């Protein structure tokens, strides 16, 4: 079966997380992704957070599936020759270097267009044009500058970053969409274009409901926030709201049976208006169905702490899975707090390919996330990440058409590895 992106060749100059997230998604959809790495060391994440000495880390392997690796010293004249040839034959170049790095390598946008007018150049940067565009950005910096940290946490506590990598992986996913869109437009124009995704922009895009709330503040308090019911005045910026729901339907994380020993024995419950009477039945407060202080959503807004405390009295008598089963039977929105251990052992996620087991030649079998996007006519087969430079000769021969003698010349120049030592006669 053909893949959705069969025939698309991607030159992958990315490293760490944001860029590799993007190129891995393209590879999962069938693109031929050629990862360009520094001879001798490669992507820095190969050696970061290693759990097994002298073996590619999970940090690297889980972000670089389905790719081919070529080692290339782009400062070496022969290395630059190879890179130029790759630009000529590839469809997309993806990079997440610091500002200006690609230009200093001698490959400006204008130069790339001269080599291959159909080339799409996709870049991840920390910030878009403006006062901060030259600043270096990592995951937590992006969360802090994109509005996530200021709106995450509890009102009286510090701003918090999330466990989800919305800055790195989130921006990588945005860039992948931009690349596919540019490829589609190229069918009509015949030309490549630049595609840029800034990490600050990506985080802010995912925080759009908080930008919504910022504007709502101009017209009065945010009544679904718990501080409204507590009589605490709002300031001029969206506050941190703990675990209050961001969708306008009040919700909280509540304790379940065993919470004293299990840090994840909790469930999230939403008091959605259409199922309010069913909630009252479940928790044994049938009088609340008609009581003027509880019967309508506006009346309940000032009593959310009391209401959720009562619901929690009920959830504490059930395990999180028991509570979920009972609530789901009445279409009451809820979800257990699942630990990474529980997710890793969830057989339904294995069955759908959301979690996959991958076999690696040096580290053995490990678990990874699979493709979260399922295409009926282009199923994803997750293949292991490449060893450093594993496909160098294959790419030189099969992609660029180099002869054995030309490949040997490239190697001897030191463009792909230190020059070979001559054997003593």
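Positions of Cβ are set from backbone N, Cα and C atoms, glycine also.
Taken from Swiss-Prot as is:
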type	residues	note
ACT_SITE	168	active site, nucleophile
BINDING	17-18, 38, 72-75, 96-98, 104, 136-139	CoA binding site
BINDING	247, 248, 249	substrate binding site
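Features as recorded by Swiss-Prot, highlighted on the structure.
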residue	record	DSSP class
17	CoA binding site	coil
38	CoA binding site	coil
75	CoA binding site	coil
97	CoA binding site	coil
137	CoA binding site	coil
168	active site, nucleophile	helix
247	substrate binding site	coil
Residue 38 (CoA binding site) to residue 168 (active site, nucleophile) - Cα separation in whole Å: 22
Cβ atoms near residue 73 (CoA binding site) (within 10 Å, other residues, all chains): 20
Which recorded positions sit within 10 Å of residue 139 (CoA binding site) - Cα, from 168, 247, 248, 249: 168
Recorded positions clustered about residue 17 (CoA binding site) [Cα within 10 Å; pool: 168, 247, 248, 249]: 168
For the recorded positions 139, 168, the one whose C-beta sees the most other C-beta atoms within 10 angstroms: 168
Pairwise Cα distance for residue 73 (CoA binding site)/residue 248 (substrate binding site) [Å, integer]: 54
C-beta crowding around residue 249 (substrate binding site), within 10 angstroms: 15
Three-state secondary structure, residue 104 (CoA binding site) (per DSSP): helix
Lowest local Cβ density (other Cβ within 10 Å) among binding-site residues: 17, 75: 75
Separation of alpha carbons, the residue listed as 'active site, nucleophile' and residue 247 (substrate binding site) (Å): 24
Using Cα positions only, nearest of the binding-site residues to the residue listed as 'active site, nucleophile' (97, 248, 249): 97
Cβ-based isolation winner (fewest other Cβ atoms within 10 Å) among the binding-site residues 38, 104: 104
Binding-site residues compared (247, 248) - the one with the fewest other Cβ atoms within 10 Å: 247
Neighbour tally for residue 137 (CoA binding site), based on other Cβ positions within 10 Å of its Cβ: 25
